[in-house]
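What TrEMBL says about this one:
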type	residues	note
COMPBIAS	1-11	compositional bias 'Basic and acidic residues'
DOMAIN	145-293	domain 'Phosphatidic acid phosphatase type 2/haloperoxidase'
REGION	1-34	region 'Disordered'
TRANSMEM	105-125	transmembrane segment
TRANSMEM	209-226	transmembrane segment
TRANSMEM	247-266	transmembrane segment
TRANSMEM	278-298	transmembrane segment
Amino acid sequence: MQSNADLERGSAGEFLSVTTPPPAWKPRDEDDAVAQRPGRWQRVLGDYRVAEFGCTLAMLLVAKSFTLMAVNDRPIPRIEIRLNSTTTIYARDPTVDERKLHEQVPMWSLILFGVGVPIATNLLLNYVLPKIRDVRVIPHDVRDFFLSLAQGVTMSTLLTQFTKHVTGRFRPSFYDMCGWDYDAVWDGVTNLCTDPAGEREGRKSFPSGHASFAWVTMLLLTLYLLGRSRINCKSRSESAVRGGTKMLKLFLCCVPCLAASWVAITRSIDNWHHYSDILAGSIIGAISACMAYSYNYGSIFCRKYAGMPCEAVHEKIKVRQSPFCTPLLHVLQLKSYNLLTM
């Protein structure tokens, strides 16, 4: 026969077995995640994407090293004129016998304009305009835009310089550029160039470096402005006035592409490139800009994520999911506990 004390202990045990709350659910890998939490320097490297900037810089140095490569030494183009069965004379190829004109856009001014304008625009939209108007403040935007610009320029430079030296195509003003000896009678074989540096430069026509650089920087800026303004998204304004404003913004966003087109066309006007060189360089720059932008930013056609860096998009998705997932998890835990205690 059980004593009163035993009965009291038994009833207490039964009470505790029913009312004691279940232990908090804890994933098995949570302790490992806490133990593997990155340190301070690892967080700094991740926050500033130092590894990606470093890799981009290394690839840019590789691209610049291609300028030290030997240019493909093609035979100098010639026109063979047969006077009779025994006499043949040789003339210069008219497609590469244009005069070398002064460059309307030197490379130093192109770099200054192509890098300075996008950076100034990004800083203006992130630090100046929010103090004047109600515009979106996007986290990680400055960092990721700088990285996009660096990646795009690196990709276009890498492919452009490699192709230039492997192809070795003659510029339209090759004879004038290499210091051709016009007084000598040419036998069609002898190299009559008197300027070795000019001859080397005259063999770098394909593709156009100016066109690729102008298009990668200006198209990247256009994509960035389209994303920030969100004018390519599905939602349309019902007001005719606001629709006209959107159309005006669209044209303003495309102004950088107009500048890139002008820079590319000047290369033919100045007799530095053929039209096919300009087209190839423009395609290289445009593809590099699209790849760099899509690597770091959301689609310009999605209103929720247009103009937002991918990291900000992921953070936004997590914030939207966490208020729903956490209560649902608690409900499932409570239901499973009730089933076990029934």
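Each Cβ is built from the backbone N, Cα and C atoms, and glycine gets one as well.
Residues of the domain 'Phosphatidic acid phosphatase type 2/haloperoxidase' (145-293) grouped by DSSP class, helix first, strand second and coil last, total 103 helix, 2 strand, 44 coil. Most Cβ pairs under 8 Å to the transmembrane segment (247-266), among the stretches 105-125, 209-226, 278-298, belong to 209-226.
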